[in-house]
């Protein structure tokens, strides 16, 4: 016995006439699920796994309309512009105009604040602070006369003639010293500087610091452009740094010096090493900063007592883009701490080594010392050119933190007529010698305080954000949480769009894998058996009252 099952669909009267069967079939569909025993089961949407079916309906799509969002958003005014289920009215138009005006004013203020922030302005703050004690600065001094005449020999004049302006046909005009024992070695410029220098033991007559006696052993030798010089409280001789606990005269350094004018060289000619001055040059600096006394020192004359009242100044500068200070460590083979003087000495040394293949005696490094001829022909002119004209080679930026000392100088005549005889007798000199050679130098802190000069950012990022937040609240009544709401809304919209696109792709993929599917409504509308006609004759393979159909229609009928 042959069992034939036929599914007949019935069309309703309100079915659109002429609707394409294939179109109705493709628009909406649900799969007919058959159980294993052959009985009809449940319907479910295409693309779902029959074994994982949980219910008859899909998850409800989120409401992402602007009206719904702005109705619950904290952004003021937008809920009057975007109104749900209501046509655009004049009231909404006025609110939209006011809302756009507020947005424009807010953006204008934001642009103005951002432009001001990008100018990177700064202000300078000046303050004075007291201290219980203060570190005394380093004091470097040099005699204006570099070489002592009593130490010059005839060979010294021959070698050093180009540097001193002496020529072979000139009479020395001074008694010459015996030839030094060089033990077969060649003439050495460093040895000559050391042998002919003014000695601190001979120059220093009296020395006191804060009422305590000091001596030549407290002064460290150092080379500068003036030859051999001496630094007090250098911090590099194994001694602790000196501390002062009081301000005013008598609480600092007080020294009496003999500048030894009778040892000054005669002027044979004008060179860079020739001096016309008598006295000493002094520089007050920190222990971390090498002396640059030829450009930063001040002169002290004999026959006067000079009072130098100091005030420590601590300066703080801003790095780019607000300022132009140097915040990175120094890139030098000679110095560990960056300072303008360290940068200048390092740069001048490299410049001379590159252009003259030698270095001056006061310059660091291991390059050979320049000969007197190289001094005259190359080193001195190159250094003068570098200092006076070439501003591009040695560009030394200001360090972001530095200490300098402000100075106020005052003078009194010394010796008085009453004290001249006493001093002449005390030091076994004539009164004229005392008047021409003796000087007294007092260096002290004016008060036990220091001055701070600090650059501060005129407008920082926190101020910019605060101004933007204030303008945002003033014009549109928004806050940072409002911005988060906007981002959350955009996230939901993008997620919904992406998920819908992914679902469509998944549905198309399932259609291709599983074949055609059919919903109940489509089955009714499609009506594959509605073309039944009265047959006259039937082929052997065709059932009665069934015209020829497609594969799927044959299956359903």
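Glycine too: its Cβ is placed from the backbone N, Cα and C atoms.
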Identify the transmembrane segment range according to Swiss-Prot, selecting from 65-81, 82-98, 99-115. 99-115
Name the residue range among 430-460, 461-491, 492-522 that Swiss-Prot annotates as transmembrane segment. 461-491
Per Swiss-Prot, which of 36-57, 124-145 is region 'Disordered'? 36-57
Non-local residues, at least 6 beyond the ends, that sit with Cβ under 8 Å of the transmembrane segment (461-491): 64, 69, 73-77, 99, 102-103, 105-106, 109-110, 113-114, 117
Inter-residue C-alpha distance, residue 325 (disulfide bond) and residue 401 (N-linked glycosylation site) (nearest angstrom): 9
Kindly assign residue 370 (disulfide bond) to one of the three DSSP-derived states: helix, strand or coil. coil
Could you measure between residue 370 (disulfide bond) and residue 356 (disulfide bond) for me? Cα positions, answer in whole angstrom. 8
Residue 394 (disulfide bond) to residue 343 (disulfide bond): how many Å between their Cα atoms? 8
Filtered by Cβ under 8 Å and at least 6 apart in sequence, the residues in the chain of residue 214 (disulfide bond) near it are 207, 208, 232, 253
Nearest of the recorded positions to residue 229 (disulfide bond) by CA-CA distance, picking from 128, 343, 378? 343
Compare the Cα of residue 358 (disulfide bond) against each of the recorded positions 128, 133, 347, 401, 428 and report the nearest. 347
